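Asker: Straight out of TrEMBL:
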- 39-267: domain 'Radical SAM core' (DOMAIN)
- C54, C58, C61: [4Fe-4S] cluster binding site (BINDING)
- C98, C130, C190, R262: [2Fe-2S] cluster binding site (BINDING)
- 315-361: region 'Disordered' (REGION)
- 324-334: compositional bias 'Polar residues' (COMPBIAS)
Amino acid sequence: MSEIRHNWTKEEILEIYNKPLMELLYDAATVHRKHHDPNTVQVSTLLSIKTGGCPEDCGYCPQAARYHTDIEGNDLMSVQQVKAQALRAKSAGSSRVCMGAAWRNVKDGPEFDEVLEMVRTINKLEMEVCCTLGMITENQAKRLAEAGLYAYNHNLDTSEEYYKEVISTRGYEDRLQTIENVRKTNVTVCSGGIIGMGESTEDRAGMLVALSTLDPQPESVPINALVAVEGTPMEDQEPVEIWEMIRMVATTRIVMPETQVRLSAGRTSMSREGQAMCFFAGANSIFAGDKLLTTPNPDVHEDMQMFHALGLNPQKPFTKKDQPQTVEAENSLFQPLGEKPKWSRPGHMIPRNEMAKQKSK
Ligand code: SF4
């Protein structure tokens, strides 16, 4: 059960997901112990370096400009602001900073140059640097790698079938293409999804098929529970039950034994006991900090108290892979190409997205 396989089927994954919970926990914990130190958990800090005003229509996201939410938009942060936040995160126990910008895709130009400088700056602080900037081309991935990027996040969100019920402004194949572009570099891949968006158990299994059949499998897989934000198309979704989260984490652990499985959004509504069961089931990474982009998250000091109570230790940076080198901008081997890739725009109608867009505030 603990070998790395790239041929998981939906039926096999469903069989695992639906096992009696105690058996599922035991199997997942067994796989976890074979591949990881069960008392070590990686701590990442997510920084929203450019908030709101996004042209995409992701049904779960308060940053989509078309929905009427209370999000305050911000222009791109400065390198100095990012450095100050990274230092604060480091002193609070984080080994990784993940910078998120509410963009559809990266465009070559001064803003991307700034992001590259942020990557250089944080890598020099000896922290792992991750970016989540939307779709990127191979050349952009190479420029990020050269700056010292450790990981690129690009979530598949859900199954290919259900994706069409969530987003109409881009296709699943764009996500896979971006992951492929990242794979042409030494940057590790972070890709996961969200549960609680109205998807079926089959869709959850479908997403795990899509992730686990990637070769290599993503080095980290965030599992988010939907935070239903007022004004978004998913504002009325029922909260995810803790058992569903535990099942999802455990199944992810079994089908991707080497991956760091990250407990991401939705932790504020989970008890410490619930989170402890997720760690037992194979979660070995969390997002720390009082905000996850725009939604609330437990305070880092509360997390450290929980770690203390559970006997968990934060993972040191570069435990799984060596620190990348940073090449300074003036020595770069890659030029901005000003590409205009044809990312898809299916544009089909998603009734709940349309209704949220029409609603007045
Ligand atoms: S999830 Fe990302 S791409 Fe989608 S609307 Fe939000 S910020 Fe934009």
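Glycine is treated like the rest: Cβ placed from N, Cα and C.
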Asker: Going by DSSP, how much of the region 'Disordered' (315-361) is helix, how much is strand and how much is coil, in residues?
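Answerer: Counting residues per DSSP class in the region 'Disordered' (315-361), I get 11 helix, 0 strand, 36 coil.
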Asker: Are any of the binding-site residues C61, C98, C190 near ligand 1, with a Cβ under 6 Å from it, and if so which?
Answerer: C61
Asker: Just to verify a number: CA distance, C130 ([2Fe-2S] cluster binding site) to C61 ([4Fe-4S] cluster binding site), in angstrom, no decimals.
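Answerer: C61 ([4Fe-4S] cluster binding site) has its Cα 20 Å from the Cα of C130 ([2Fe-2S] cluster binding site).
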Asker: Do me a favour and check the Cα-Cα span between C58 ([4Fe-4S] cluster binding site) and C98 ([2Fe-2S] cluster binding site); whole Å is fine.
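Answerer: Here the two Cα atoms are 20 Å apart.
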Asker: What's the CA to CA span in angstrom from C54 ([4Fe-4S] cluster binding site) over to C98 ([2Fe-2S] cluster binding site)?
Answerer: 18
Asker: Inside 8 A of the center formed by the CB atoms of C98, C130, C190, R262, which other residues of the chain have their CB, for the recorded [2Fe-2S] cluster site?
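Answerer: Other same-chain residues with Cβ inside the cutoff are S44, L46, R96, T132, A151, N153, S220, P222, S285, F287.
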Asker: Quick check: with C54, C58, C61 left out, which same-chain residues have Cβ atoms within 8 Å of the centroid of the [4Fe-4S] cluster site Cβ atoms?
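Answerer: Checked against the 8 Å cutoff, the neighbours are E56, D57, Y60, P62, Q63, A64, A102.
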Asker: Minimum Cβ neighbour count within 10 Å among the binding-site residues C58, C190: which residue?
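Answerer: Minimum Cβ neighbour count within 10 Å, taken over the binding-site residues C58, C190, occurs at C58.
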Asker: Just to verify: the residue among C61, C98 with the fewest other Cβ atoms within 10 Å, which of the binding-site residues is it?
Answerer: C61
